[in-house]
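As recorded in TrEMBL, the features of this protein are as follows:
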| type | residues | note |
| --- | --- | --- |
| ACT_SITE | Asp404 | active site, 4-aspartylphosphate intermediate |
| BINDING | Asp404, Thr406, Asp836, Asp840 | Mg(2+) binding site |
| BINDING | Asp404, Lys405, Thr406, Glu518, Phe560, Lys583, Arg614, Thr694, Gly695, Asp696, Arg809, Lys815, Asn839, Asp840 | ATP binding site |
| DOMAIN | 38-91 | domain 'P-type ATPase N-terminal' |
| DOMAIN | 862-1109 | domain 'P-type ATPase C-terminal' |
| TRANSMEM | 64-82 | transmembrane segment |
| TRANSMEM | 285-308 | transmembrane segment |
| TRANSMEM | 339-358 | transmembrane segment |
| TRANSMEM | 926-946 | transmembrane segment |
| TRANSMEM | 976-998 | transmembrane segment |
| TRANSMEM | 1013-1032 | transmembrane segment |
| TRANSMEM | 1044-1065 | transmembrane segment |
| TRANSMEM | 1085-1107 | transmembrane segment |
Amino acid sequence: MLRRGLNRLCGGDEKRVDSRTIYVGHRPCPPTEAFIPPKFCDNRIVSSKYTVWNFLPKNLFEQFRRIANFYFLIIFLVQVIVDTPTSPVTSGLPLFFVITVTAIKQGYEDWLRHKADKEVNKYPAIRLENGQRARTYSENIKVGDVVEVVEDETFPCDLILLQSSRDDGTCFVTTASLDGESNHKTHYTVPDMEKDLESLSATIECEQPQPDLYKFVGRMHIYKHDQETFVRSLGPENLLLKGATLKNTKKIYAVALYTGMETKMALNYQGKSQKRSAVEKSINGFLLVYLSILVSKALVCTSLKYWWQSREGQDEPWYNQKTQKERDTYKFLKMFTDFLSFMVLFNFIIPVSMYVTVEMQKFLGSFFITWDKDFFDPEIEEGALVNTSDLNEELGQVEYVFTDKTGTLTQNNMEFIECCIDGFQYKNRDSCSELDGFCVTDGPISKLQEKAGREKEELFLRALCLCHTVQVKEPGPDERTELDQVDQVDGLDQVDGLHRPLAQAQEERGFIASSPDEVALVKGAMKYGFTFLGLESKTMKIKNRQNDIESYDLLHVLNFDPVRRRMSVIVRSRTGETMLFCKGADSSIFPRVKQEEVDRIRTHVERNATEGYRTLCVAYKRLSPEEFAEAEERLQEARLALQDRDEKLTAVYNQVETDMSLIGATAVEDRLQEEAAETMEALQGAGMKVWVLTGDKMETAKSTCYACRLFQRGTELLELTVRTLEGGRRREERLYELLQDYHKKAVQDAPPAKPGVTRSWATAQQEYGFIIDGATLSLVLNPADANSSRYKSLFLQICQNCCAVLCCRMAPLQKAQIVRMVKNCKGSPITLSIGDGANDVSMILEAHVGIGIKGKEGRQAVRNSDYALPKLKHLKKLLLAHGHLYYVRIAHLVQYFFYKNLCFILPQFLYQFFCGYSQQPLYDAAYLTMYNICFTSMPILAYSLLEQHICIEVLMDNAILYRDIAKNANLRWGPFLYWTVLGVFQGLMFFFGVRFLFSNPALQDNGQVFGNWSYGTTVFTILVFTVTLKLALDTRHWTWINHFVIWGSLCFYVFFSFFWGGIIWPFLRQQRLYFVFANMLSSVSAWLTIILLILLSLLPDILLMVFRKPKTHVRQKPRLTSAGAPKSPRASARPLLMRTFSDESNTVC
């Protein structure tokens, strides 16, 4: 018992038990056994972080993990404990403001999560209790409960389907809330299920909860009286996921399998890593510099204080005698407390409020992306989506773009173009494809007898009608008009000699599938006279060219997966013949068919791929009764396995799909996305390297790269594929030889690139493109030879010197490996991944910035992305305009915060040299507290949200401007040093300019002189006006908001100074500023000094703006069409020369 307890405490049981047993209806199985109900989590969904009881301690703990907050907490405690020159309020109030604002923001977000959780947990549900329907809430459902779900209701938890109101034992669901797919998916009841669920005695043995939406392994044991126990396999087709909705089915009964936080939906919203931008790293570096300056100032003042006090008569002057306690204090302890006091006095050089301003800028700035009307797509009626606002400025620093092909560069809107049957081409009449100006047609296309035999034709078309997972949705009266527009197939009386009767009823039929390829192939078969009528009770029906109905029993579906790259079905005809039909990529089909059949088809496949079409090969195999019996036995055994079920099924699939006969191939066109070529060209003009990572075949992907202008006509392609590695020597030796050859050509012999030169300009430099496939990439990234780690280095250097890189035949994991390799290389370049499908999620999560396209392959990429866009063309504006502006804004915000705080504290430091290092503050406590919170915070926040130093149209038309901010240009040490020197200059000007004013013995009409608080107030007034007007000088894009916050902040400072000094406040023991501000402004000399010092402090900026050579933005010439007209008429209507006056240049639009 002790060992069991220790195991449970240390997690031993959790590691040992990899499956769970569920008792259906909480009934013991068999009934004679003792029943001990297992314990599982309840069905409550908890996405919130806090509760009422732990919000305060947990939130404070999280906030004080941030270094700046913890630093100011220490400073505040020092002020409370040690006798310091400033009040604890000066540090405590800004810290309290920052902590409070952040806590309110996080508390509000968590309240919204609580609200959403309550809505989900209080969702009404029905469960069966003792044969009776009982209404309850979703949160009360337990594992093992049998629940009833009616049409259009959402499943309350993960369920196993037991009964359906449909006669065929199926139900239809939509998973739009899970993966964005709105099509209906078919799910099946468990075979041999009892009609009366009250008498059902069964257990379910299944895997522990895991987040993969499309994987599930389990089996059900059904116990019947005086009969042998039945065992049925359970898979994803039996599992109904929480969040999915029941459709086209009146009601179903199902048993709860996973509940609450163990459902797949809940598991999928956990574990997403937090990404941090490069700007935060720069901020940390600058903080260390200013912290060093702070410590240095405190050390200098402490040392000089004790040096000054060591002089005779200075340690204990007659007017400031020490107490006995001070005389008895240890000198080193006194020195340490003095050091802490100076640290407190100068601590405002560290801008604690900068963090909350940066957070507010990122949060509010993300709305500008969401509100951008240019991102709205009327087709899907959606705009851009921001999932992570922390990376806005990272959009302006992208150096590498990794993009998927299908659905990202292309539309994923498939259209059947042609097919090849037994070596003969079948093509739509009057259609031809052009490649390099030549019309390509293969083989005879006019007469039936010149084509394949009728038997082969019909076999091929039957394969297209049977080998798929397409569903047929019969339209209702209200849907008929809509489906006519969406799913009807153009009626052609004759296609390549194949006569097809026009069937209006079939044109109204709606096809639903998980992949648009399958719908295109089924519609392609309709063009040649074979129509798929649907699947009913495991029977597939098709209508042939003679309008006869053919029925086939669907025995098994060997599902598609990215590794096999093919799918198969096993069907039985009414004559009793068992056949296997298989379709897939040529690389996965050709090795499994006869070689002489491959030679007849290969030419067509390669030509279609060169033209940019997606190709699939179709094969078949007749199974003898013995072969089918053996295959079925092995399939059943593999499907009942709880451990390694996928691997065992794959092994069976591979064994069955051998010795097939190749029938033909299909060509489907996937057209380019709107403005895909212009977008890719703009990204390359901005200095980004574009890599295409796709699972498609090389020829198809290469053609797409040419169409997108990633490869130009003069680009020399360096190919590193399995084909180029063929030879007599070992593949590793040949690989190393090719890498060295390509490295010499693209790296060693290439002239150094000139900065600012885009590829669209005429240059004599040879451009290179690189092509690699998945198999060769495995050799590069995972070499078998221990001494072959140099492969990766050579490969990376070659790719970095190429204008574009194409990686084809890639597995999803390899996509992530490529992104990780580039992300971790020398220089740590900023990477961006963009894709639209589930196979792109790994690279989207791996990159610094992940972007999902709201495409036709579901919304998994969108859910896991940082930003989501409706179309690829929107990426251009997101990076070149929004990214550029966000980066410049936040860089200016960060530099400005450090600058204004240096101006603030430097006079305080200089003042110590004139007050005997006595830690006397220069500014009143109210000014110390309000400086960063009220007087200077709003103008820089408005600037960081609204500034456009170059207008958006110019940024879009001049992609080369993106290079000006590349590699964190505005947050390097050079600009940081400029802002620091400017802060030191202005701080010196403030202090010594006012000191020169105070050399006048009579500053007031009555002949009196100003005191030290008047001195500090004068310095502070010049400081506030100077740093605010400095920001006004930097502003290029004025809005009413900028005017309001800039002039409003100055007016508020004047009003506050009059108000604070004009009233005797009862809670203050010392009224330091009583009428100080009013007396100061009564002096003409003070007015003159304030105005003069403000002008002198801003003079360097004014001179820099006047004498700096203005920049001109020359618009890149638009490419001409064949008619000689520019591609973009809008671009040609704008002036070519744009005048600028500084690095953050003003451009007249």
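Cβ from N, Cα, C; glycine included.
The binding-site residues in question are Thr406, Asn839, and the one with the fewest Cβ neighbours inside 10 Å is Asn839. Checked against Asp840 (Mg(2+) binding site), the recorded positions Asp404, Phe560, Arg614, Gly695 differ in C-alpha distance, with Asp404 being the nearest. Within the set of recorded positions (Asp404, Asp840), the lowest number of other Cβ atoms found within 10 Å of a Cβ is recorded at Asp404. When the CA atoms are compared, the binding-site residues lying within 10 A of Thr406 (Mg(2+) binding site) are Gly695, out of the candidates Phe560, Gly695, Arg809, Asn839. Every protein chain considered, the tally of other Cβ atoms within 10 Å of the Cβ of Arg809 (ATP binding site) stands at 22. For the domain 'P-type ATPase N-terminal' (38-91), the model gives a mean pLDDT of 80. Checking Cα-Cα distances from Asp404 (active site, 4-aspartylphosphate intermediate) against the binding-site residues (Phe560, Arg614, Gly695, Arg809, Asp836, Asn839) with a 10 Å cut-off leaves Gly695, Asp836, Asn839, in sequence order.
Here the binding-site residues are Phe560, Gly695, and the one whose Cβ sees the fewest other Cβ atoms within 10 Å is Phe560.
Counting only the Cα atoms, the space from Phe560 (ATP binding site) to Asp836 (Mg(2+) binding site) is about 19 angstrom. The most densely surrounded of the binding-site residues Arg614, Asp836 is Asp836 (count of other Cβ atoms within 10 A of its Cβ). Reported as a whole number, the C-alpha separation between Arg809 (ATP binding site) and Asp836 (Mg(2+) binding site) equals 17 Å. Rounded to the nearest whole angstrom, the C-alpha distance between Asp836 (Mg(2+) binding site) and Gly695 (ATP binding site) is 13.
Taking DSSP states H, G and I as helix and E and B as strand, the domain 'P-type ATPase N-terminal' (38-91) has 28 helix, 0 strand, 26 coil.
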